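J.: Please find one structure pasted underneath; my questions will follow.
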Amino acid sequence: MTSTSNLIEQVIEAWQNMQAKTPLVQCITNSVAANYTANVLLASGASPAMIDNPYEAESFTKISSALSINLGTPTSEQMQAMQISAKTAQLNNVPWVLDPVGYGPILAWRSQMTDELLQFKPSVIRGNASEISTLAGNQVQSKGVDSTLSSDQAYQQAFSLLTHASCIAISGESDYILSNEVDAVIQVNGGSPLQPKITATGCALGALIAAYSAVTTPTIAALSAHIHFAIAGKLAANQAQTMGSFSSIFMDYIHMLDANLIEQYADIKLLNKQA
């Protein structure tokens, strides 16, 4: 039977393993998020590589510890790289994370491409409530790439996506993790209302899940990354109330996280699965 204490122990072990191994994470991400994502990975103990050229994608994915694919600003060439890298990851047992930014009928081309990427079986699908709910086949009104649905509503609509991935991670006021590996839904609390106001925090979270997936199971990877962000957000908010100072202190705590902080501040709850 899964317990919160056992899960937190596994998160601490995953964090320790990432510090020891410095996993190489290939990021095919959007132009808005690339710099911030790379800095978050470096601060967390991983090694980012923003390789999104289709002519280099296959060879680089083969040597990567993990792959992160984010559809925030896809171009035709970048989409080719995504398809090549996702296929290569599946064939070479490289864990990979799919972040279906903006999925829905308004952005139809990227949504079609996202559907095609699902055939390569991502380890984790990560998104906001609207993206995940729409990807699961529900009709949801979104505001651009921002969610208009609460995460506690979305997780109850997302179980069908577990046919495509081992784990589904939904970010929001509380975060929810659905998994084929755990007999409960995991709710992660913490963070700050300022986090969504900083460009690319969600995108960087997806890449951090990929980094953790190089050293642990998909479920613990998603949980570790969400706890990592939740603790950093909570502690940063205790020191800063404005966006500029919060952003800087948040990155500091991304870097300063350790086993003691995880044990002290990780706030998770187990919920019954309601398919």
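Just so it is clear, glycine is given a Cβ too, placed from its N, Cα and C backbone atoms.
OK, Swiss-Prot features for this one:
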BINDING   Met50, Ala200  substrate binding site
BINDING   Arg126, Ser171  ATP binding site
J.: Are there any residues at least 6 positions away along the chain from Arg126 (ATP binding site) with a Cβ closer than 8 Å to its Cβ? List them or say none.
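T.: Expected: Val97, Leu98, Asp99, Ile168, Ala169, Ile170, Ser171, Leu205, Gly206, Ile209, Ala222.
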J.: Starting from the Cβ of Met50 (substrate binding site), draw a 10 Å sphere and report how many other Cβ atoms land inside it.
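T.: Here the count is 18.
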J.: According to DSSP, does Met50 (substrate binding site) sit in a helix, a strand, or coil?
T.: coil
J.: For Ser171 (ATP binding site), list the number of other Cβ atoms lying within 10 Å of its Cβ atom.
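T.: Ser171 (ATP binding site) is surrounded by 27 other Cβ atoms within 10 Å.
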J.: Where does Ala200 (substrate binding site) sit in DSSP terms: helix, strand, or coil?
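T.: Assignment for Ala200 (substrate binding site) reads coil.
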J.: Name the residues of the same chain, 6+ apart in sequence, whose Cβ is under 8 Å from the Cβ of Ala200 (substrate binding site)?
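T.: Set apart from Ala200 (substrate binding site) by at least 6 residues yet with Cβ under 8 Å, we have Val32, Ala33, Tyr36, Thr37.
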J.: When DSSP is mapped onto helix/strand/coil, what comes out for Ser171 (ATP binding site)?
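T.: Looking at the DSSP assignment, Ser171 (ATP binding site) belongs to a strand.
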J.: Does DSSP give Arg126 (ATP binding site) helix, strand or coil?
T.: strand
